[in-house]
Amino acid sequence: MYNRKDRDVHERKEDGQSEFEALNGTNAIMSDNSKAYSIKFLTFNTWGLKYVSKHRKERLRAIADKLAGHSMLTPISDELLPNGGDSNENEDYDVIALQEIWCVEDWKYLASACASKYPYQRLFHSGILTGPGLAILSKVPIESTFLYRFPINGRPSAVFRGDWYVGKSIAITVLNTGTRPIAIMNSHMHAPYAKQGDAAYLCHRSCQAWDFSRLIKLYRQAGYAVIVVGDLNSRPGSLPHKFLTQEAGLVDSWEQLHGKQDLAVIARLSPLQQLLKGCTTCDSLLNTWRAQRQPDEACRLDYALIDPDFLQTVDAGVRFTERIPHLDCSVSDHFAYSCTLNIVPQGTESRPSTSVKRAKTHDRELILQRYSNYETMIECIHTYLKTAQRQKFFRGLHFWASILLLIASLVVTTFTANKAGWSSIFWVLFAIAVSISGTIDGAISFLFGRSEIRALIEVEQEVLDAEHHLQTFLSEK
């Protein structure tokens, strides 16, 4: 469906502009020096949990209105406004990647409100109870889409956490920019529920990041400029972050602009300076939903990791820090992250003709870092494998014990019914509870438990294969 804007686009295309340039307006600016087109991204975790997220409808509508250019949000500081300008004027993006869009009605409102400004839209679907919550709004034509579902993604027994039920995934969108094909990989990786231990789910996120890095390499080798965006639930320097940068060959757009930062120094800054200098999108004290956190808990979890061969960061920062006036609350429990990238046009090749792997294996320091990452990953998998095997065993044991208890309850009922008829009700309820819990644990043990263990072993073997290859390379040196 084409509107007046679409007709204007095609009229401008006749004058020699690509569709991307026409749609992108002033953002698609070609630099005389670098001969690069710029494209502006936004990634935002919208906190759209049904029944759980407070003021969900009002917040999601405020987000949609702001993206559409009709916002009445109140800034918390003029320093946080891009270039010190008007909030609405600076919220003009080319591509918007959203996470936690888990209610269809929220998506319908977003899509409708932003249709004229962002005509290319996509909500991704997977999971059991709801989708992965991933969506994209774009001024740039979408060429193709693909959803990769993480095989290792939490446990069905963690019902109150929900990661397994929503089907955490990677939403891949290929954009037709008219300059160079871009593959945007939007994801919301497994959440940590503790800093240490089993509830931290480090192994799950590391396995997800490992799979992620495989996909990134494939797309890079195919000639795409890859951009990974989303709430990756991993701090800078963590194992998942290393897989997505050192292993996959991407760079952190924020670090490309500001350099690597000492997280301990960022933790000691004031909340406002943490946003300005550390881009702490999560757990900031300036976010009303995280006001009870400690200052040193503020961190950066929302990213745009980019292909350094074809992309260069020229601007980046925290966005959507404003509040909804009548509710006096932030629009999400995360702040958004935005970056403007220069794209090297096709034909201006900067990537070596050899594969990504071969190009990187000539950097000995990087090889040693990757080797260390593999060792850490194997240790991480071994640690969690013990937990997975133990849980599978005890859930299976519960299943067989439930069968014995069920038989025993039936036998006991026949004897007690003659002496105390009312006791039959107790034994029937007991049998029902035993049957339900035993069946659930049995299914988790025999179906999920086996699948998870095999998936972990497969990742371990993949890491070992990569490690053996690096060992061969290092021994040759």
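Every residue, even glycine, has its Cβ placed from backbone N, Cα and C.
Features as listed in Swiss-Prot:
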- 1-398: topological domain 'Cytoplasmic' (TOPO_DOM)
- E100: Mg(2+) binding site (BINDING)
- N233: site 'Important for substrate recognition' (SITE)
- H334: active site, proton acceptor (ACT_SITE)
- 399-417: transmembrane segment (TRANSMEM)
- 418-424: topological domain 'Mitochondrial intermembrane' (TOPO_DOM)
- 425-449: transmembrane segment (TRANSMEM)
- 450-477: topological domain 'Cytoplasmic' (TOPO_DOM)
(message) Please report the Cα separation of the residue listed as 'active site, proton acceptor' and N233 (site 'Important for substrate recognition') in Å, rounded to an integer.
(response) 11
(request) Determine, to the nearest whole angstrom, how far the Cα atom of N233 (site 'Important for substrate recognition') is from the Cα atom of E100 (Mg(2+) binding site). (result) 13
(request) Around the Cβ of N233 (site 'Important for substrate recognition'), how many other Cβ atoms lie within 10 Å? Please give the count over every shown protein chain. (result) 23
(request) Write out the long-range same-chain contacts of E100 (Mg(2+) binding site), meaning residues 6 or more apart in sequence whose Cβ is under 8 Å from its Cβ. (result) N45, T46, W47, G48, L49, G133, H188, D231
(request) Return one of helix, strand or coil for the residue listed as 'Mg(2+) binding site', based on DSSP. (result) coil
(request) Would you kindly list the residues that approach the topological domain 'Cytoplasmic' (450-477) from elsewhere in its chain, counting only those six or more residues past its ends and only Cβ-Cβ distances under 8 Å? (result) 151-152, 155, 203, 207, 210-211, 214, 361, 364, 367-368, 370-371, 374-375, 377-378, 381-382, 384-385, 388-389, 392
(message) Please give me the CB contact count at 10 A for the residue listed as 'active site, proton acceptor', counting all chains in the structure.
(response) 26
